[in-house]
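These notes concern the structure reproduced below.
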Amino acid sequence: MNLHEYQAKQLFAEYGLPVSTGYAVDTPEAAVEAAKKIGGNKWVVKAQVHAGGRGKAGGVKLVDSYEEVAAFTQNWLGKNLVTYQTDANGQPVAKILVESCTDIANELYLGAVVDRSTRRVVFMASTEGGVEIEKVAEETPELIHKAIIDPLVGAQPYQARELAFKLGLNPTQIKQFTKVFLGLSQMFHDYDFALLEINPLVITDEGNLHCLDGKIGIDSNAVYRQKKMQEFHDPSQEDEREAHAAKWELNYVALDGNVGCMVNGAGLAMGTMDIVNLHGGKPANFLDVGGGATKERVAEAFKIILSDSNVKAVLVNIFGGIVRCDMIAEGIIGAVEQVGVNVPVVVRLEGTNAEKGREVLANSGLDIIAATSLKDAAEQVVKAAEGK
């Protein structure tokens, strides 16, 4: 679960970190009032969506009049912002953040993630702020400095100082950086973050550190115990199909291909996507129905896949270990009858009750293509998606 920038900065402020004075608004009139309340003659207005690249897409602007504040707000509210991190439809803008203007002398990067290789929270800092950190990591990895947090003792001031030295900060800035570092680490622990980024963490003209942006991702497995984070949840920023799938305990991720995939098990699902790609197809989704799939969940999974208008064919690939193939077959039949499928369906069943499952499908009277192997299934579904 992700947070909006204004929500992240609200948390930063609660932990005593330096952020700009700002207000999240949902009308042009409220935006003008926010600018008046902030004061000054320049403001930054930012469209609030769960995606990076807003500036290049026109979703962030420096303005110097109340008319511009109102015009920007009027222009973006209710519209979708498309960036390099969104799909072609973009994400809806329901809030605009109006902030005071900050003079920038230098831009840094500070972030933290849960690193699976070390099984620790790892902080990363770089002098290359304001750009995509992935690009920095790929092209100049030596410019990214790391601090690994021991979960038994937590973040320590000396770790902050080590990073600050590598960033070339002066003594006053080192003290400020230490406060920011320790505050972020505590916040990361308190709210079960999975990702945290301040990009950029700027040095102002006065030489002070300032959190100019904020990106936070919450561990979805921990949201149930984070009541405050639940209040920050914005369902409008989620893919409708993904949100619907989550209610049925289905692991679904929308992609941009035309071959719908329904598989049991994450590993098999990824392997299925790979083999579809290998044979010239493009998966429209990742969907894992899980080992404890029921007939109802399978039917719902089928409906979710078919709700994507880009899907031209569906591949059902089931290995019956815990789940029974005949039950999956009944779910497929139920879904096809309910939804009214008008695209080819290729089914590959192996494992527990596979023969019975194939028999159920064969006797259903439905136009379902039976595959004899995984390779055969991939070849058949790619051909079907191409209309061959």
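Keep in mind that glycine also has a Cβ here, set from the backbone N, Cα and C atoms.
Values in this document were obtained by computation on a predicted structure and should not be read as measured data.
Feature list (source: Swiss-Prot):
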BINDING   LYS46, GLY53, ARG54, GLY55, GLU99, THR102, GLU107  ATP binding site
BINDING   ASN199, ASP213  Mg(2+) binding site
BINDING   ASN264, GLY321, ILE322, VAL323  substrate binding site
DOMAIN    9-244  domain 'ATP-grasp'
Rounded inter-Cα distance in Å - VAL323 (substrate binding site), GLY55 (ATP binding site): 47
Listed binding-site residues ASN199, ASP213, ASN264, GLY321, filtered to Cα within 10 Å of GLU107 (ATP binding site): ASN199
Cβ neighbours of GLY55 (ATP binding site) where a neighbour is any other Cβ within 10 Å: 13
Binding-site residues compared (ILE322, VAL323) - the one with the fewest other Cβ atoms within 10 Å: ILE322
Overall pLDDT for the domain 'ATP-grasp' (9-244), taken as the rounded mean: 94
Sparsest-packed among the binding-site residues, when each Cβ's other Cβ atoms within 10 Å are tallied, from THR102, ASN199, ASN264: THR102
Candidates LYS46, GLY53, THR102 (binding-site residues) - the one closest to ILE322 (substrate binding site) by CA: GLY53
Greatest inter-residue Cα distance in Å for the substrate-binding set ASN264, GLY321, ILE322, VAL323: 10
Rounded Cα-Cα span from ASN199 (Mg(2+) binding site) to THR102 (ATP binding site), Å: 14
Rounded distance in angstrom between the Cα atoms of ASN199 (Mg(2+) binding site) and GLY55 (ATP binding site): 13
Between ASP213 (Mg(2+) binding site) and GLY55 (ATP binding site): CA-CA distance (Å): 12
C-alpha spacing of GLY321 (substrate binding site) relative to ARG54 (ATP binding site), in angstrom: 45
Between GLY53 (ATP binding site) and ASN264 (substrate binding site): CA-CA distance (Å): 35
Cα-nearest neighbour of GLY321 (substrate binding site) within the listed binding-site residues, LYS46, GLY53, GLU99, ASP213: GLY53
